[in-house]
Amino acid sequence: MAGNQRRRRRNKKSRSQPVRKNGSRDVDPFEYGEALSWRNQSYMNDIADRCAPSPHPLSMCQSRAAAFGYPCEEYKVTTEDGYILSLKRIPHGPHDSNTSTEMRPPVLLFHGLMVDGATWVMSTPKQSLGFILADNGFDVWIANSRGTNSSRNHTSLSTKDPAYWEWSWDELASYDLPAVLQFAYDHTGEKIHYIGHSLGTLMILAAFSEHKLLDVVRSAVLLCPIAYLSRTKSKLLKLAAHIFLAETVHWLGFHEFNPVGPVAHEVLSQICGDPEINCYDLFSAVAGPDCCLNTSTFCAFLEHAPQSTSVRNLVHLSQLVRNGGVSRFDYGNAKDNMKHYNQPRPPPYNLSSIPNHVPIFLTHGGEDYLGDVPDTRHLLRTLVKKHNSDSIEVIYVPDYAHADFIMAYNAPELIYGPMVDFFKRH
């Protein structure tokens, strides 16, 4: 990759400063006050007292966008396998004199695991990526995957049916992602800038590796991507994967995994006895210790998350942790794999086959336990084989953990500003 890594002198009040690779300018440092970090137990107790988890009764459009004066449209998109997804649209900012979307490049945002599209508008208009993009002239589309609060309908199944939950991120990449991208493309007539966070990055990488969606995607932003997971820093995830915890839950007959339900409580009881697992701070134990969240944003997060996923999805992610590669779902025996894939083992996603003509903007953090540095560098080496310095840009923020990339108070300067510049160049 062209361009040398440049480290800036640390500003005394700025706890997170990016290192950029691509030969372009560095972001100017900014000064900030003290950040909320769950490294400090008193902060965590303070949050728990002021904003216990409670579902917000209104939709994202009503609870977040309308509160700040943004127009917000809601659509229903049906996948080829019958799931009815909620797709939100913020076509422009609240103060735009020209409300036409004809000259506005469309961008689709896809959330990560156990959250929904509200994660993109958790904070104020100056700090939330969804609002920032709308204010910068983009036509913003926000996806919500199957199983989340606003996407629980199906043409023939109920969420009480076990068959409803028989999917993993394979199906998200094969059905949910193309359905919402094609819908936005058909409505705008333009190729889409794509932004994924966490699991939202794995979906687009899987699709690209099979040369799918290339005709509707203009560029791809990967915020703390997860693909290779074998070197995750999360001791909780490693232990859960290696004792086959998700598989056990599935064998016991559970299909929906509600992170605040009785199944989750039972799961945690199986691993919290390990002295190396910090079950008093689960968010950090899974995603890494954030540096830069504030109380109001995290309270908004608790109104919309965590949300359900399928147990099978957790099984599939556990397979990535154990096996080291990126492959389709393993049914556990040669007979079932033959039935689905016509071969005894699940086929891998060949990420090195991703074409180089799709510009990629990738960010990762030094404190991220999921998109950990060794696994992300493995992914980068795979992608760089095909991409040159003009078509890939990388920003590394040493203090950032997994949640900081979508909720940090300083992400607009460190991440979103350079991202908008990237879109304008591509």
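Quick reminder: no glycine exception, Cβ is built from N, Cα and C everywhere.
Heads up, TrEMBL stuff is auto-annotated, nobody curated it.
Quick look at what TrEMBL lists:
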- 1-28: region 'Disordered' (REGION)
- 1-15: compositional bias 'Basic residues' (COMPBIAS)
- 65-123: domain 'Partial AB-hydrolase lipase' (DOMAIN)
- Ser198: active site, nucleophile (ACT_SITE)
- Asp368: active site, charge relay system (ACT_SITE)
- His402: active site, charge relay system (ACT_SITE)
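Where TrEMBL records a feature, it is marked here on the structure.
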residue : record                           : Cβ neighbours (10 Å)
Ser198  : active site, nucleophile         : 27
Asp368  : active site, charge relay system : 30
His402  : active site, charge relay system : 29
Go ahead and report the DSSP secondary structure tallies for the domain 'Partial AB-hydrolase lipase' (65-123): helix first, then strand, then coil. 9 helix, 19 strand, 31 coil
Just to confirm my parser: what is the rounded mean pLDDT across the domain 'Partial AB-hydrolase lipase' (65-123)? 90
Rounded inter-Cα distance in Å - Asp368 (active site, charge relay system), the residue listed as 'active site, nucleophile': 11
About how far apart, in whole Å, are the alpha carbons (Cα) of Ser198 (active site, nucleophile) and His402 (active site, charge relay system)? 8
